[in-house]
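Here TrEMBL flags Ser49, Lys100 as active site. Among the features that TrEMBL reports, domain 'Peptidase S26' is placed at 24-176. As annotated by TrEMBL, transmembrane segment applies to 21-46.
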Amino acid sequence: MTPKEKKKQIRKQRKKRFLTDLRDIFIFMGILLLLKVFVIDFGFVYGHSMEPNMKDGQLIVIKKWNILLDEPNEGLSFYDKVALKNVSIEGQAHPLSLAKRVIGLPGDKIEIIDGYIYRNGKKVSEPLIRERANQPDQTFQLKENEIFVMGDNRNNSTDSRHFGPIPKEDISGKIIANVNAQWLSSIFQKIRVSLHLEENMRT
């Protein structure tokens with residue numbers, strides 16, 4: 001094989017690899033789009049209100065409620081992690097989706113006494129919580145359409161203790177996974193490498 005033929009073969013292989021990578025990327029993005037529209041949504045954790053169980057910058061996977069088949073938040077359970085929408089803090093709509101934990105369900109009575117949580121008169125066991133809340137005692141009686149949410153980092157969280165119980169409709173879905181987002185960088189790196197190979201083929 002002559003040097004010219006070898007160079008031509010290398011270019012052909014690079015082009016084939018580039019097209020394969022591009023196809024894989026489009027398939028991946030297409031699957032994500034379908035999932036986002038019909039099944040799940042994605043977001044990121046902002047801040048430290050859910051530490052140590054969810055960390056700032058992590059990717060969260062949210063199971064969306066199927067409005068065609070289910071009532072809003074049907075199957076929602078105590079202590080679920082959820083994503084909120086339309087939350088108003090100090091009279092202003094919060095621009096980001098918030099991640100919190102369900103502490104009270106419709107009809108529940110929630111009491112915070114000496115930093116401990118009581119649900120319907122029973123103290124809540126919370127092995128996932130790093131420290132109890134340092135705050136005045138509070139009592140909340142939830143209506144039939146209300147949910148009470150709190151952050152796991154009790155002393156660094158704006159939640160239902162501040163903006164009150166929220167309507168069930170303000171929950172966009174249940175958080176089913178939270179993972180470190182470093183793996184996303186590998187996808188972008190793959191795109192950059194493919195584009196670089198394509199640029200080399202043109203020069």
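From the backbone N, Cα and C atoms, a Cβ is placed for every residue, glycine too.
Neighbours of Lys100 (active site), defined as other CB atoms within 10 A of its CB across all chains, total 27. In this structure, the CA atom of Lys100 (active site) is 8 Å away from the CA atom of Ser49 (active site).
Its Cβ placed at the centre, Ser49 (active site) has 22 other Cβ atoms within 10 Å.
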